[in-house]
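Chemist: Checked TrEMBL, it gives:
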{"type": "DOMAIN", "residues": "61-181", "note": "domain 'ABC3 transporter permease C-terminal'"}
{"type": "TRANSMEM", "residues": "18-38", "note": "transmembrane segment"}
{"type": "TRANSMEM", "residues": "58-77", "note": "transmembrane segment"}
{"type": "TRANSMEM", "residues": "111-139", "note": "transmembrane segment"}
{"type": "TRANSMEM", "residues": "159-178", "note": "transmembrane segment"}
{"type": "TRANSMEM", "residues": "199-220", "note": "transmembrane segment"}
{"type": "TRANSMEM", "residues": "232-251", "note": "transmembrane segment"}
{"type": "TRANSMEM", "residues": "292-315", "note": "transmembrane segment"}
{"type": "TRANSMEM", "residues": "530-554", "note": "transmembrane segment"}
{"type": "TRANSMEM", "residues": "595-617", "note": "transmembrane segment"}
{"type": "TRANSMEM", "residues": "623-646", "note": "transmembrane segment"}
Amino acid sequence: MTLFKIAVTNMVKNFNQYVIYFISIAISVLIYFTFISLAKNPLINKIFMRWEVLGNSLFSFAGVILILFVGFFIFYSNSYFLKRRKREFGLYALLGLRKSQISMIIIFENLLTYLLALLTGILTGIFFSKLFIMLLFWIVNLRVDTKLIVSASAITDTVYTFFIIMGITSLYAIYLIFRYSLLKLFKTEEREKKAAKGSVILTIIGISLIGFGYFLAIQVIQNSPLWTKIGFGRGVLIVLFSVIVGTWLFIRHSMPLSLRFVYNKKSSYYHGTNLITITSLRYRVRKNANTLAMIAILSATTLTIIGAISGFYYVTIEQVKTENPSSYQLLNISPDKDEEIVRIISRDKEHKLRYRTKSSYINASVKNELEKMPFNYYQNQAKFSFIPESEFNRINLIEDRKNKPIHHLNNGEAIYVGRETNNLHERRKQELKAHTFQIVSDDKKTGFGEIQVIDFRPNPVFNSGFADALLVVNDDFYNRLKEHLKVQKVAMYDVTEVDHSENLGNKIQVAAEGKVNIWSPTFSSYYSNYHMVSILMGTILFIGIFIGLVFFLATGSVIYFKQVTDAYLEQNQFTTLFKLGLTKRELRGIISRQIAPMFVIPLLLGISHSIFAMIGLSRNLEYSLQMPVIIVTSIYCVFYGLYYWICVNSYTNIVTRYQP
């Protein structure tokens, strides 16, 4: 029989052993191929170019991360798969096969497995690619007619990538074959001879490190003397080091202490089958500490990535809606063009004019800026924009009273208007209120008086790009500015069905400016501003979900292959227990309790780590991430529970395979 036939026969006869490894590769192929297909889809690229979003760069960067974790996922699966087959390789050697021949059998098996996985993954990816494209367009809120496109380039990239991974895993297998002697190949993994005792002191140190990492993570960086002293980069490294090392110490030393406590409590230890479960856990906890710590960190990373990106997506989209109160706003247009725009809107059958009005504001420079001015001030070309309180109240009324009205401002008093006021830390607000700004001309030679901010309003009255740092002043102060500075006149139009008004917006901009330009400084459209942000943030969310999925698969693979390997090693022990009268129901109970810590402990720690990471992000960015975190964590727990159920079933099936 040739070596190739041996490989094929072995795969057919031991199908149950190969199927899990095959599925892990096929899923990896599916994820990678689908992602690359999206990155190379001409329709998606066209949309990125239309909205001038760096989508291709995002996909390229994410593709590198995806390759690394797909490689980790497969390599980890492969290492456990090979570990389980050591005795089989030893049997080949005992039958007279040279190590080079055994290596060729492994290469043939790998080649067949990867070819089948590539075929399965790519075909499945082609089938689901349109669904994922539709999902992407749904996330970015675009109505686009999609069609099935098979990318030859994506297929080629996928094949090349996975053949490289196959080469690496094959070389690793060959290395193991030549490294181990015949005796070592037949030698089973030794159990721990002594139960791990744990350490109260090291457990306390672990908890303290985690607590310190949490404490540092939830600080408001701008207000924290500790962060100011250590710096942002070192601070992040200290948080990561504290949490990771603390997690390992806590798991490594608290679990043996807990198990020893139960072991010494005889009423619990001798209850039912607890004796078997607790004894098994006590002797396995030391070698599982690294795995559990890694799972906890991977879980925290997965939850943080998806939770943070989901939260930022939701918050950013809501901000764009707030920052663009009118469908269209145009700067300094002539009366003729104003009338032409009204005619264009009136002729459009899909959209009706809700309101039309005109307003104005004045830009002025500041002589004595604070060391750190609000971001929108710099976005407004390092100037404040001014509007009289009477005009502010009139526009606010037209825009459905989104702000509390302003009355009776004195000379020198101002109210800062803008979405950014929601994100300003209280200390920054107090700094703004305490400072008296000297308003001057652009050349800083002519002064127009002093202004002090006394309050804030959260909702802009002008669209994004116009008067981004707006101060409401009394009418007398505004009229004084009006005598010396240029007035910026704004024409405002609001229409129905604005979410689907791209064509109308293009017609209006062409009529006003002669061409479509999404970066125009004199034209601001709700639709354009919304979709520039939604496409960028939606793409980031979509990529984040993909990366999170890979992290989740990596987490699951670590647990699953660890348990499957243990199941094969413990077949003989469970066979003995069956002979002593153990029932299958009792067996399942033992396995369920034995596997549970591998899932529950890292899951709880991962959720805890991610919650504090989210609290830190939320406090520093002043965004509420509560709902996205709850939703993402709930979904993660459901899928984690599904993994647990699969693991228990697989473990049970393996140890009962030869039982009547």
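Keep in mind that glycine also has a Cβ here, set from the backbone N, Cα and C atoms.
Model, not experiment: these values are computed from the prediction.
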Chemist: Between the transmembrane segment (58-77) and the transmembrane segment (111-139), do 3 or more CB pairs sit under 8 angstroms, pairs being 6 or more residues apart?
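Modeler: They do not touch: fewer than three Cβ pairs between the two stretches lie under 8 Å.
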Chemist: Okay, the transmembrane segment (623-646) and the transmembrane segment (292-315): do they have at least three CB pairs under 8 Å, pairs separated by 6 or more?
Modeler: yes
Chemist: Taking contact to mean 3 or more CB pairs closer than 8 A (sequence separation of 6 or more), are the transmembrane segment (18-38) and the transmembrane segment (623-646) in contact?
Modeler: no
Chemist: Can at least 3 Cβ pairs under 8 A be found between the transmembrane segment (595-617) and the transmembrane segment (530-554), with each pair 6 or more apart in sequence?
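Modeler: Checked: the transmembrane segment (595-617) vs the transmembrane segment (530-554), no contact.
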Chemist: Go through 58-77, 159-178, 232-251 and flag the stretch with the largest number of C-beta pairs under 8 Å relative to the transmembrane segment (530-554).
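Modeler: Checked against 58-77, 159-178, 232-251; highest Cβ contact count belongs to 58-77.
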Chemist: With DSSP as the yardstick, break the domain 'ABC3 transporter permease C-terminal' (61-181) down into helix, strand and coil residue counts.
Modeler: 102 helix, 0 strand, 19 coil
Chemist: Kindly state the mean pLDDT of the domain 'ABC3 transporter permease C-terminal' (61-181) in the predicted structure.
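Modeler: Across the residues of the domain 'ABC3 transporter permease C-terminal' (61-181) the model's pLDDT averages 81 on the 0 to 100 scale.
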